[in-house]
Amino acid sequence: MEPGKEKEVEAPGELNQKPRPSTRSSTTNRQPKMKRRKKDLEELKKEVVMDDHKLTLDELSAKYSVDLTKGLSILEAQDILFQNGPNVLTPPPTTPEWVKFCRQLFGGFSLLLWTGACLCFLAYGIHVNYYKENANKDNLYLGIVLSAVVIITGCFSYYQEAKSSKIMESFKNMVPQQALVIRDGEKMQINVRDVVLGDLVEVKGGDQIPADIRVISAQGCKVDNSSLTGESEPQSRCPDCTHENPLETRNIIFFSTNCVEGTARGIVIATGDYTVMGRIASLTSGLQMGKTPIATEIEHFIHLITAVAVFLGVSFFWLSIILGYTWLDAVIFLIGIIVANVPEGLLATVTVCLTLTAKRMARKNCLVKNLEAVETLGSTSTICSDKTGTLTQNRMTVAHLWFDKTVYEADTSEEQTTGKTFPKSSDTWFYLARIAGLCNRADFKPHQESVPIAKRATTGDASESALLKFIEQSYNPVSEMRQKNPKVAEIPFNSTNKYQMSIHLLEDNSEAHVLLMKGAPERIFDFCSSFLLNGQEYPMDEEMKMDFQNAYIELGGLGERVLGFCFLNLPSNFSKGFQFNTDELNFPMENLCFAGLISMIDPPRTAVPDAVSKCRSAGIKVIMVTGDHPITAKAIAKSVGIISEGNDTAEDIAARLNIPISQVNNKSVKAIVVHGSELKDMESQQLDDILKSYKEIVFARTSPQQKLIIVEGCQRLGAIVAVTGDGVNDSPALKKADIGIAMGITGSDVSKQAADMILLDDNFASIVTGVEEGRLIFDNLKKSIAYTLTSNIPEITPFLLFIILSIPLPLGTITILCIDLGTDMVPAISLAYESPESDIMKRLPRNPKTDNLVNNRLIGMAYGQIGMIQALAGFFTYFVILAENGFKPLDLLGIRLYWDDTQLNDLEDSYGQQWTYEQRKVVEFTCQTAFFISIVIVQWADLIICKTRRNSLFKQGMKNKILIFGLLEETVLAAFLSYVPGMDVSLRMYPLKINWWFCALPYSVLIFVYDEIRKLIIRRRPGGWLEKETYY
């Protein structure tokens, strides 16, 4: 290097890694920063562009100014580290805890309650200023209680969210990482953060890859790319460029993936945020999440309730002015009516209902990180599911065998209980099992004797482990077989030879050897001049070649990984003690005898086909999005029902009819498999057309950026999208989705952090349970809100008549609080435990634009019908008690000014009796207590009718024990508040005569009968006028 000349350290294209610019002291304009951030995000959404995999070794050496044997010098490495910074990922921006707490305290529904509290304090302030020492403190108490409700509920919600975050923290496994680099010709172990661009790095089996590396030499190297690309099989690595796409070529190994076996040496071409994994992490943390459907619904509800409150408040403000009240009284009335419209207990009810459902879902293996995600899952209309580990078992398993010219099916179920079998008595099976068990480098880890064979941990790659377990279950213990047939020589599998060979001593003749081989079927078949049939050896013929070709195509077409097996009994001159040379090959490698084929696949989970079928019944579109090969993806999609029977792709139809694909009638095609390379060049409109035109879709060989584009496409079409995934490659899509679902067992930390929900058992079927719970809580929240809002009318109307008719106040502020935060709370929450009215998984997902949590019909039913009957019940009781005490209803009109006059102690009733101020107030508070009890009694009927929206109560039954407890609780609480000594002082509640409890009972019966008749008409005339106007 020339003195003073900077070393060239740039990687091309999208992964360009430039030296860090010096920090400027001047303040940069914020607007360009925001634009730049948005532009950076758009850049990150594009495909990875690099050409390092295409360069020759000399070009690579020149580009990074590195010696391919000695590596960088220590000084050069320090210089590059200073320019580019450490090899770490920039941590995503985290939300401070105080901001999270404030969101819970001031977001959504809390804002409405805070507004109500502020108005209460304002009204109290006006009262104090106007009336001095005689000011009514009800508004002060109401303001304090509202503030307390918001703070307590906010703390509860924050605690729930923080608890989920702590569970998330427990998933992390922070292990300091080391890397082996060669600098100045010497090997040295350094911290991964100190690895720099151009470093010569060596990796071996068990290592985590420290950066994006271009391989320059490899010996049997295989890497596990499943977290990055979704491929469940380990991928072999070599120095040669095998594909234009840098993610698919075999001469690049990626940061954060694992080397499972072999060794490799290579040059670092990207570090930190510039690696493929770094780009994904940056893309994930840069994405903005939209509002959850339930947050939108609560916002809609706030707008609705605020509009009603303001309309009533303003209307009665002007009415008060017209009736001759002072503007000060009119303002206090205005505030009072607005506050009376605020359902104080509803925030706590909704929070508790969501929390109960979240706990119920956790018991069913769905851990919800955000309470609002509980309902989002119920609204889902499209599920974009990863394949590996979610739909499949995430373990390679033997699926089929072909020997004696017959294909046999193996047991691929998770518990190995289907009882599928094959002729184990065949002598050919003896040879095939022996080859699969002996020519195999996998082994069981120690101390697992009590663990079922299928679930034992192994060393070795996925395919060899699958063969090991299969032979252990179906034949003999492999360890015994290996002891009796010790291995004396071996050629490991590599991507050039495409076979593995081993030589063993024969157990029945300790002087003779047998050569065993397995590998790519066509390669193995080429070595053979004979084949086994029913244990007898026959010379190879054209019929056998045709049978082999058909079997290979059949098994390969199922998306399975097929291996061929053959053997050769070595002549007697290769006796015990012979030194086999696997480099010079001093032994025969031709004229082998072909034994058969064994194919493997990562099989579907047992419960998935049923779960996909339930999704289809529920109107949910399930799309497979995977990084795996199209043939494998399509095979799994067909086996789990994502591509259903009879719905063929254009390629299937063309093959069946033996016509070109161009001649296939597009109208008859319902399913499609889209390759990532096609998606790469697609315009948004073309993607939208595919999503709209095809019912059953599989996206294969997709990159992380493409997964994100697919999610955005579904959202553009108005879908509520759930995305499942476990790898780093899934995290951008998980973050962008309406609800991201990560895998708890196999999921990466990055995917868990990006998701809203974690499947603790990694099972797709658990999602369907979650959808059912989400739909149920939406239905039950509607019922709970309808129940809670209904009592608003009997709470508001006393205040309105107090203004209009100038009668003594029928219901006090403190009494309203006793209803909203006392008697109504447990019954409202009990509706969260209500079972579904019908099979909620048989109906279409709700339309977020039209099917709102609180709609005009619900408000109409709660306020305009049931609420009005409840108000009548309350006023009936109120007038009965006043009449019994001497005040006839007509004589009460306009009496308020005299009634509330503290100086007037001789007010006459309808019969000429005189009443002092204190006596009048005792009667007034007794009436308010009776009005309160009347609301409780009519709320019995309201709670029972809210159990169903369509079904008759006689069909639904009273199986909800929590609801029965709620009925008892509100009754006991009402009696407690009425009869316990001291309540007359603290809450102005007075004991009632027993017969006053029965005044509201006819109205309670009326509510029940009226609603049963309404539901009967709705059931008899579906879609009729009554359903359109009253079914909420």
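For all residues, glycine too, the Cβ spot is worked out from N, Cα and C.
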Same-side flag (membrane), Thr56 vs Ser703, source Swiss-Prot: yes
Touch test for the transmembrane segment (928-947) and the transmembrane segment (995-1015), at least 3 Cβ pairs under 8 Å: yes
CB contact flag for the transmembrane segment (142-162) and the transmembrane segment (961-979), at least three pairs under 8 A: no
Mean of the pLDDT scores, which run from 0 to 100, over the topological domain 'Cytoplasmic' (1016-1032): 92
Beyond the flanks of the topological domain 'Cytoplasmic' (833-852) by 6 or more, those residues with Cβ under 8 Å of it: 293, 296-297, 300-301, 356, 378-381, 614, 617-620, 718, 720, 768, 771-772, 775-776, 778-780, 783, 947-951, 956, 959-963
Contacting positions for the transmembrane segment (331-348) when only residues 6+ beyond its ends and CB under 8 Å are counted: 109-110, 112-113, 115-116, 119-120, 122-123, 126-127, 139, 142, 145-146, 149-150, 152-153, 305, 308-310, 312-314, 316-317, 320, 325, 785, 788-789, 792, 795-796, 799-800, 803, 816-817, 820-821, 824-825, 828
Residues from the same chain, set at least six apart from the ends of the transmembrane segment (97-117), whose C-beta lies under 8 A from its own: 142-144, 146-147, 149-151, 153-155, 157-158, 161-162, 295, 298-299, 301-302, 305-306, 338-339, 342, 344, 346-347, 350
